[in-house]
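As given in TrEMBL:
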| type | residues | note |
| --- | --- | --- |
| DOMAIN | B:39-553 | domain 'Cytochrome oxidase subunit I profile' |
| TRANSMEM | B:59-79 | transmembrane segment |
| TRANSMEM | B:99-124 | transmembrane segment |
| TRANSMEM | B:136-159 | transmembrane segment |
| TRANSMEM | B:186-212 | transmembrane segment |
| TRANSMEM | B:224-250 | transmembrane segment |
| TRANSMEM | B:284-302 | transmembrane segment |
| TRANSMEM | B:314-333 | transmembrane segment |
| TRANSMEM | B:339-358 | transmembrane segment |
| TRANSMEM | B:379-403 | transmembrane segment |
| TRANSMEM | B:415-437 | transmembrane segment |
| TRANSMEM | B:490-513 | transmembrane segment |
| TRANSMEM | B:604-621 | transmembrane segment |
Amino acid sequence: MSEHAELKTGPLEYRKEEGTLTILGFWIFLAAEVVLFSTLFATYAVLFGRYGDATPAPELFEMPIALAMTFLLLTSSFTCGIAIHMMRKESLKGLLIWLSITLALGLGFLGFEIYEFVHYVHEGASIQSSAFWSAFFTLTGTHGLHVTLGIAWCLLIIIQLVRVGLTPTTARKTFVIGLYWHFLDVVWIFIFTAVYLIGMVV
Amino acid sequence: MWDFIWNDFLVTGEPLIYGAMASIVLVTVLIVFVLTYFKLWKWLWDEYLTTVDHKKIGIMYIIAALAMLFRGGVDALMMRTQLALPGMNFLNSVHYNEIFTTHGTTMILFMAMPFIIGLMNVVVPLQIGARDVAFPFLNALSFWTFFFGAMLFNISFVIGGSPSAGWTSYVPMAGPELSPEINQNYYLLALQLSGIGTLATGINFLVTILRMRAPGMTLMKMPIFTWSALITSIIIIFAFPILTIALALMTMDRIFGTHFFTLAGEGMPMMWANLFWLWGHPEVYIVILPAFGVFSEVISTFARKQLFGYKAMVYAMCVIAGLSFVVWVHHFFTMGAGAGVNSLFSITTMLIAVPTGIKIFNWLGTMYKGRIRFNVPMLWALAFIPNFTIGGVTGVMLGMAAADYQYHNTYFLIAHFHGVLIAGTLFGMFAGLTYWYPKMFGHKMNEKIGKVSFWLTVIGFNITFLPQYFLGLMGMPRRTYTIEPEWMPLNLLSTIGAFILAGGFVIFVYNIYFSARYEPREKTGDAWDGRSLEWATTTPVPHYNFATVPYVNSHEAYWDMKETGATTYDESKLEPIHMPNYKGMPIIMSAIMFVASFGLVWHWFWLAIPGLIGVIICMVIRSFDYDEGYHVPIEEIKRTEEQARGRKE
Amino acid sequence: MKNLVSWFKRLFMVPGLFALLLVASGCSGITVLDPKGPVARTQQELIIFSITLMSVIIIVVFVLFFYMIIRFRERPNWTDKDYDPHQHGNTTLEIIWTVIPFIIVAALSVPTVTSLYALEEPPEGSDQEPLVIHADTSNWKWYFSYPEQNIETVNYLHIPEDRPIEFKLSGADSMTALWIPALGGQKYNMAGMQNTLYLEAEEQGEFAGRNANYNGSGFAEHTFTVTSESEEDFNEWVSDIQNNAPELTKERFDQYLEPGLADEAEYSSTHLEYVDFGENDGRSYITDLYSGDLGEDVHLYGGEGGPWEEE
């Protein structure tokens, strides 16, 4: 049986059997995440416009903030791509630099989201205000929570990269967080469209 | 403080519950005593609680499932006792409601699910020639989250009170406005906790089956049970996130004051029914498809013949899986969605009969020109065909929306889904357990006692549920705690049947004990003249499963091997085998999740937040764990194999 | 094999016993199959049609099943002339048992769809306009408002025979379902929205009606009686209430909305003056009134409902 032998060529993260399995498993996990977010989007769509006595969304939504968040997250996805590219070139330093930039951009996104939430609550629209606002905060909040987890996770991996260096195991971990980060970006594009763009118009 | 503990924390005032409390304490003391007296703690921890071996995890799943079957069964007997005669005063309406809620939830989520997952765990890696599942650590975590989820659900009846909104938990009834007590939180958090484990199992088995098959085993050469596990895993991956969200939304409604399903704040109660059944209907197929897989294996083995229409069987399961996601509205045709919507969902529902019918006829075809042995696993599989057909055709009748207005919420529905779930899932699990029992424990289950248990179960099942079709048509609604005098004869009959059914279960469990003591040990590894790879390795199965993995040419790999004389011990091909180490983390992490969930049930954030932090710490520790397992040396493999095979090959 | 004989006996015993029981109890006790109105008849005909078709399937499966297990069982004088372990399929057969179920599904779909559309309209055959009755629920009571007559009854219902009834279904709290098995199938009552259900009685008499959808501890007693009577009797009953019953004040009605059981009662005005639960605004009427106090359970024992306490 040669399944446990380590390959000498090919992308670092795929050289061990375990790497191949984990990455496939993670892709499938992302499929489950797609279903999870789809359910939240469907919930949002069903509860759209059900404001009760609370303030309607168009009066609160601010395009500049949403645009800034979009810009930050899209850029971070790009820098994350560069980080993986650096990993392929087996440049640990490049990988660490670009991962850190990704992390900083992610933190910037999170900062804006927290500001946005606090602002809405001050204006009288909290998660308890009405069905619409519950759905809004839950959808965007779930994404925000994913970003938070992603940042914490990325930090752990940076620590491990510094301690252990680039091995098939750390490469696998880095690749997986890369997938996760791009996925969060894709979800955000849908949130930006379905929540902010449509919310601004209707 | 004491006032809170006596009045709110503990459930008081019900003699039955005092009895339950006393027996829980007694059983716990007994278990602790036995473990301590025989010095078994270390053994238990080393061999089972920390195991990542799919075979042991599978066995633990099945033991837990049998325990939950007992619990759900006691609930059922209590309900049937209360409904035996009009004017019965055994359970009051509140208590009855709690009992049917826990019965339904336990049976579906804590009995049927772990039973099938347990069989999948034991059998799938063996059938595809793998050393373990793709993610053994995750597999252990799946089991322990399920286990602690089940425990959380089960402590509710002595601590805080059982949920009573039915296993469907329709809002607004189950929401914070009409059910402000904490009971319903147990349902939400217990299902959430075990749901995480189920989703992980789905991912785990999908990767295992896609990537770890023996060389030569293409998808169309997989044993049919593995196919059913593959399709079930896919359904789990697409259905369980919906449940996760639905439960999370209701939890937030109840604990954080959101307005998803509430009356106030323009919430949308109907959305719960939609989300619940969007998960709930696929869930039904999650528990039935592996049973179909078992029947295919068993009927083919005991008819001593290839499966009839293997490809058709596979495609039929795929079609059923696809249709399972587009029929959910049939659970509430009466919601008033209009004739167009109801027509569409009526037709998709009835269409499920087509692939199911194909499967039934293929099973009959498998027996055609066979040489049928009537061993106990085969009896369960045979009983399934006629009984499931009755349950299935009444399902088609329920699918006809215009008529469903009369069946909905009645005992006709109850009879139907017990007809398919017992004759399908439960018979399937009993067939699978008795069939693979020698592989798991090294001896068969006694055939004579097995037959007694089989006949009691089948006869009891029919006496219990056939009358209920007629009770439904007589106007008896489900979930009523008391009956009208005109429904008495059939209800009494049904209750008698339930006790016969319970007798069958008791004898089944007794058979486990009896067989462990008196049945001859199984030495060949091929107890039933089997056809797929799980029978190719020795019994007891070595922890690495296969010394060498053979090349597979057809979906009956072992049948071919027997013809060509191939084995799973080819000395020339021996190599050290990579195996994972046992871990204590899954049980510890799940226990912390249990504590956090328990805190959330009671709105005790001082307990829930530290619990959550504990879970995060566990994940961090896990992230830094670079343990890559160990290699079994060739010498050890040789020693093990030669001892098991009793000779040098 | 002597085992097989007893095997058989036991297998046949169950349905046999059952059939005996069925004959003994007689069809007349089976409400749904003994319709008292056109809606229930449509459904009964559909049910009988489906039972007939399904019986054919059951018979085919059972005959094949017993043929297989008897003909191909292993027995002492077994010879392998009928044994063909390599047979693994038969395309013609498989196509046949795919196509036939499709035909059966089609045969069931046509009447299902036509009945579905028919049930959304008042039953045919009556030239009278439907009588509109609002049927609302709260835990665990029924309120029947007759807007034209301006009367309201609690937990009982009077209808004229041979005239379609147009029920407007809604509710104050839990989801419920109005079901009068003798007259036809159910539909849900939900807060904040309105469902329409058409029923009609062709005979005079008393029928049982109930909430069929579980809504908590008082569910078993959430029932009502339906009296179908002649047009004249019905009108007399209406005017009697109009002249003699008290008005349904807002205080009185709000009190009804508290969880609990209630005795039958009648009023010479309707709650629709205060709230229409079928409108989106009516959705939170009860929570605005009693937020936090709606979790009360009633403990019912042995089929005896505790009477609602009069003030």
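Heads up, the Cβ atoms here are built off N, Cα and C, so glycines get one too.
TrEMBL annotations: computationally assigned, not manually curated.
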Could you name the stretch, out of B:59-79, B:99-124, B:314-333, B:379-403, with the greatest number of CB pairs under 8 A to the transmembrane segment (B:490-513)?
B:59-79
What residues in the same chain, six or more past the boundaries of the transmembrane segment (B:379-403), come closer than 8 Å to it by Cβ-Cβ distance?
291, 294-295, 298-299, 302, 330, 333, 342-343, 345-346, 349-350, 352-353, 356, 360, 363-364, 412-413, 415-420, 422-424, 427-428, 430-431, 434, 450-451, 454, 458, 461-462, 466, 469
Restricting to CB pairs under 8 Å, which listed stretch, B:136-159, B:339-358, B:604-621, is in contact most with the transmembrane segment (B:59-79)?
B:136-159
Residues of the same chain, at least six outside the transmembrane segment (B:224-250), with any C-beta under 8 angstroms of its C-beta?
116, 120, 123-124, 127-128, 169, 171, 174-175, 188, 191-192, 195-196, 198-199, 201-206, 209-210, 258, 260-261, 272, 275-276, 278-279, 282-283, 285-286, 289-290, 292-294, 296-297, 300, 307, 310, 313-314, 317-318, 321, 324-325, 532, 555
Contacting positions for the transmembrane segment (B:604-621) when only residues 6+ beyond its ends and CB under 8 Å are counted:
585, 588-589, 592-593, 595-598
Counting only residues 6+ away from its ends, which parts of the chain sit with a Cβ under 8 Å from the transmembrane segment (B:186-212)?
101, 105, 109-110, 113, 117, 120, 124-125, 128, 130, 133-135, 138-139, 141-146, 148-150, 152-153, 155-156, 160, 162-163, 165, 169, 174, 222, 226, 229-230, 232-237, 240-241, 243-244, 247-248, 250-251, 254, 590, 593-594, 597-598, 600-601
In the predicted model, what is the mean pLDDT computed over the domain 'Cytochrome oxidase subunit I profile' (B:39-553)?
96
Do any residues of this chain, six or more beyond the ends of the transmembrane segment (B:314-333), have a C-beta under 8 angstroms from a C-beta of it, and if so which?
220, 224, 227-228, 231, 234-235, 238-239, 273-274, 277-278, 280-282, 284-285, 289, 292, 341-342, 345-346, 348-349, 351-352, 354-356, 358-359, 362, 398-399, 401, 404-405, 408
Counting CB pairs under 8 Å, which listed stretch among B:99-124, B:284-302, B:415-437 touches the transmembrane segment (B:136-159) the most?
B:99-124
